[in-house]
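Swiss-Prot lists GLY169, GLY170, ALA171, GLY172, VAL173, GLY174, LYS175, THR176 with the feature ATP binding site.
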Amino acid sequence: MTAAVTENNGAGSGSSVAGRVVRVIGPVVDVEFPRGAIPELFNALHAEITLPSVAKTLTLEVAQHLGDNLVRTVSMQPTDGLIRGTSVSDTGKPISVPVGDVVKGHVFNALGDCLDAPGTGRDGEQWGIHRKPPAFDQLEGKTEILETGIKVIDLLTPYVKGGKIGLFGGAGVGKTVLIQEMITRIAREFSGTSVFAGVGERTREGTDLHLEMEEMGVLQDTALVFGQMDEPPGTRMRVALSALTMAEYFRDVQGQDVLLFIDNIFRFTQAGSEVSTLLGRMPSAVGYQPTLADEMGELQERITSTRGRSITSLQAIYVPADDYTDPAPATTFAHLDATTELSRPISQMGIYPAVDPLTSTSRILEPGIVGAEHFRVANEVKRILQKYKELQDIIAILGMDELQEEDKVLVGRARRLQKFLGQNFIVAEKFTGEPGSVVPLRDTIEAFDRICKGEFDHLPEQAFNSCGGLDDVEAAAKKIAGK
């Protein structure tokens, strides 16, 4: 093996100090360096390996100093073909990724390599992925609602501009579809820049997302960064930081409001757990890494608003076995401004988005921020739905006939509200054949207020299913009556 390795990741000159591999355990590689030339933590190292008919450069990230001139590193690529004695060079800086307009419309990996147009961005400005969060005096104190046009979200769990939103749910309840819908709406309605981080999810989903965004004409305003589930844990652990670094450039240098989508933040935690075990750390509760809270905090604290600019983050969070006490989702809760829980029972009823209106929360749902009228209507909707939930056991055992008359009226109203909370999505048009609806917040508040007051109790329940506004409900009711 050659002693010199050409640096190809990051801008600027590296230190090019040569070490050698002394131990390889899967993705964990121990490297020995000359005395006095030990690389810093998080530095990127390069090792050249030769496989049959192909030579490639491995990127290793320094994770621990072991003493005796040894460092323990985590490989960002499979270590097939890496042997003891292989020469390793220190780049002198962390993993760096391209930033700026050059990343829009392209797909990158965690190392900043462009996958759809190789070489894109490597000649321009690059930032290291390990960065400090904004100083306290730079943070934005003003609270502003991010209007999405999705009724259940805008009314019951309003998103804060520059905040962190969690999409909780088990497998197959619609987290990725809701993220795709938000990307489409932000690009179409607000002409905003989006950065998408695919963390440990299916490669097929990443391909589908790229093709759909290209088809809908929103790809040119979006940067995609993928570290999929077939890649080593080091890549899956760092891909969210790579995407966040690109988003920080748009916020701090270009002064833009940016949306950062992370799918799935649980895979970030899962990758950290794998790396922690490989590094020999003692596991904590349920086998997770002892540094879980610290790693989550380092990521989440960088996602914030500075004066006049913001990064709003929408994070899909897989809940293992639908257990919300699991340390991974529980640790994430502490950082979120709003939580949108996607419910399997609601999904099975055919109501989409399958948002649970009683368990989803938002810290800005208070009169001083959203206004007294919005607050009153949201609480009335929740009151009716909560009462309906309490009556369901009685209905299941004794039937509707045993309810008092006022409870029968409330149940009918609750079912209409429940169905009206769903609506057609733009990204689902080709599956449903129905156009997606965007409902202004003002219209949403008025519509739910009128339904709560009983103005539409005479219309059939099915007329409220997947409708946008009240005009759609009345049109559906006429269609049903015509049959």
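Using the three backbone atoms N, Cα and C, a Cβ is placed for every residue, glycine included.
Because the structure is a prediction, the values reported are computed rather than measured.
Mapped onto three states, the DSSP output places VAL173 (ATP binding site) in coil. Residue with the densest Cβ environment among the binding-site residues GLY169, GLY170, GLY174, LYS175, THR176: LYS175, by other Cβ atoms within 10 Å.
Most Cβ neighbours within 10 Å among the binding-site residues ALA171, VAL173: this distinction goes to VAL173. Take the CB of GLY172 (ATP binding site) and look out to 10 A: across all protein chains shown you find 10 other CB atoms. Summary of the ATP site environment: with the site residues GLY169, GLY170, ALA171, GLY172, VAL173, GLY174, LYS175, THR176 set aside, the chain residues having Cβ atoms within 8 Å of the Cβ mean position are TYR318, LEU342, SER347.
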